[in-house]
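What follows is a set of notes on a single structure, which appears directly below.
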Amino acid sequence: MILLKYTVVLLILAIGLIQARLRVDKEWPGGFQGAIEIPIVNQINNGWELEIQFDRSVTIDAWLGDLRSKFEDQIFKYGNKEWNAQLASGSVFHFEFVVNGGGIPSSIITILFNGQSVNIDSDIVILPGSTINPTGSTPTFETENLSTINPTGSTPTFETENLSTINPTGSTPTFQPEDLSTTSIISIVNDKYNYGAVLHASLLFYEAQRAGKLPTNNRISWRSDSMLMDKGENGEDLTGGYFDAGDFVKFGFPMAAFTTLLAWGVIDYKDAYVKSDEFDQVLQALRWSTDYFIKAHVSEREFYGQVGDGHADHASWSRPEDWTNPRPAWKVTVQKPGSDLVGETAAALAATSIVFRSVDPEYQSILLTHARQLYDFANENRGKYSDSITNAADFYRSWSGYGDELAWAAAWLLRATGEQRYQIDVEKHFQEFGLDKRSNEFSWDDKTAGVQVLMAKITQQAKYRQQAESFCNYIVRQAPKTPKGLVFLSQWGALRHAGNVAFICLQAADVGINTQEYLDFASRQINYMLGDSGRSYVIGFGQNYPQRPHHRSSSCPSRPAVCDWNAYNSPQANPQLLIGALVGGPDQNDNYEDRRDDYIKNEVATDYNAGFQSAVAGLLHYQSK
């Protein structure tokens, strides 16, 4: 068990009349991790140089610049990489680094940015710390008589037989960091809904979707070990991972897609998870995916992309714990490639490696090794995965092709490593596959808008910023809306699509693109799902939430009672409460019926919650400002 003391320290820095910020995310004996956050007032076109001087010898690891010189391990001079030589006016440059060898924040004595002196003010704000245990036990929950989830920010004790509503308007523990920057702080996000309680609930949904051998701290009383017979063609262990939706197939493509999206939200809105005491839980949720991906990557160019026959699975209505028949497993290889599946998995592993960088460096290194290998496999052995794993084609066909996933994977490896080869590859993929176009959605299948916004965030280059703005302007200003204001991009899982674009446009807002407008939009979409529409669409949260989701295991009576199609046909509410699941949602006129047989409006899925959860984290991040 690894325990790290987590604190956030904000130090005021002044660059002339411009205030910047030294953010210290974490300290440990002999080192710390943080970033120098510098508001860019005037456009920088010809590169930048940053010099940091310490009052003692230290080691420093920085991945967003090239080390040009150092003197006696005390003075370090960094210059831009080719891909971040341009910094847009109005943006904030985050120079991230890790210091070891005895350094502490106050040991920084001089900072120069493009020759201008940065003076450290004496004011320090220390935000409340917490203990991180990324792989250890989770809070224990009683499981006999479930009471209301406490939305006050503390991890609630509850039992799972008689769950009542999560209170959506309760208070959470708050900390108000002093506004240390002269850049505008957006404070439009109100406290109408308790976003911390929503994060808590959503992570419980992911826990309910786990396959394999469950840990002793499993919090879902009606779930236990399942599908322990899952194996590859040569007996490889393929237990673990997540069930996709209301069924029990492990579809690798959407599993990787939701993992990337969850990781992105943790990377950029980590403070929201810390504030809501959910950081440890989201680490475990991510690792449940990535541990499975590592198992599925059985050799450098072999990857298992699906376990379970979708047709056989959908012909049954039962618990996963009751399934005893062996299940088929399909893989992609050099001869049967799957660039979209493999590329998305590389992106998920690279993104998650960033999350674990300061928490578990050894695990981070393992994730990056697999991410690099899988990206090379995807790029050098090209093909659509649904042509190779034909069973997947009826459920998660790759409609958009694999070009977007190749660029997506390269972009995430660029962010994770800072290596120029990945920047070059992203640009090649953009040209080859025409990824500068405007998409009409962001989904498990189409990553085009995501990679445009991600590259805008990484590079600040004008072309990517323009592409990101084009997409979000369409979504916010032109895309169809329901009478109550939900952006309506597809009838199948309408809320999933709205949550995805809410998150993507929050990311665009982060880099100064129409910030107020996009934050307002994201807030409207998420609050629609939480109750502004007149009901909650998140099970167990708010008022009049769905009680009959199209979801097998939660529709089953408590064991040992038999579960079969009678459970599907029952007009009664599901006996088990699937806390935190976001259902598909209404039609284009805001009409919705809580019917188990309506898998378009009332099914749940792991990819439905990912963009939604990350958008909620983003809103809590801005609310905390």
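Each Cβ is built from the backbone N, Cα and C atoms, and glycine gets one as well.
According to TrEMBL:
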- 1-20: signal peptide (SIGNAL)
- 19-116: domain 'CBM2' (DOMAIN)
- 136-175: region 'Disordered' (REGION)
- 195-615: domain 'Glycoside hydrolase family 9' (DOMAIN)
- His550: active site (ACT_SITE)
- Asp594: active site (ACT_SITE)
- Glu603: active site (ACT_SITE)
Nearest-integer angstrom distance between the alpha carbons (Cα) of Glu603 (active site) and Asp594 (active site):
10
In the predicted model, what is the mean pLDDT computed over the domain 'Glycoside hydrolase family 9' (195-615)?
97
For the active-site residues listed here (Asp594, Glu603), tell me which residue's CB has the most neighbouring CB atoms inside 10 Å.
Glu603
Cα-Cα, Asp594 (active site) versus His550 (active site), nearest Å, comes out at 9
Applying a 10 Å Cβ distance cut-off over all chains shown, what neighbour count does His550 (active site) have?
25
Using DSSP, what's the helix, strand and coil tally for the domain 'CBM2' (19-116)?
6 helix, 60 strand, 32 coil
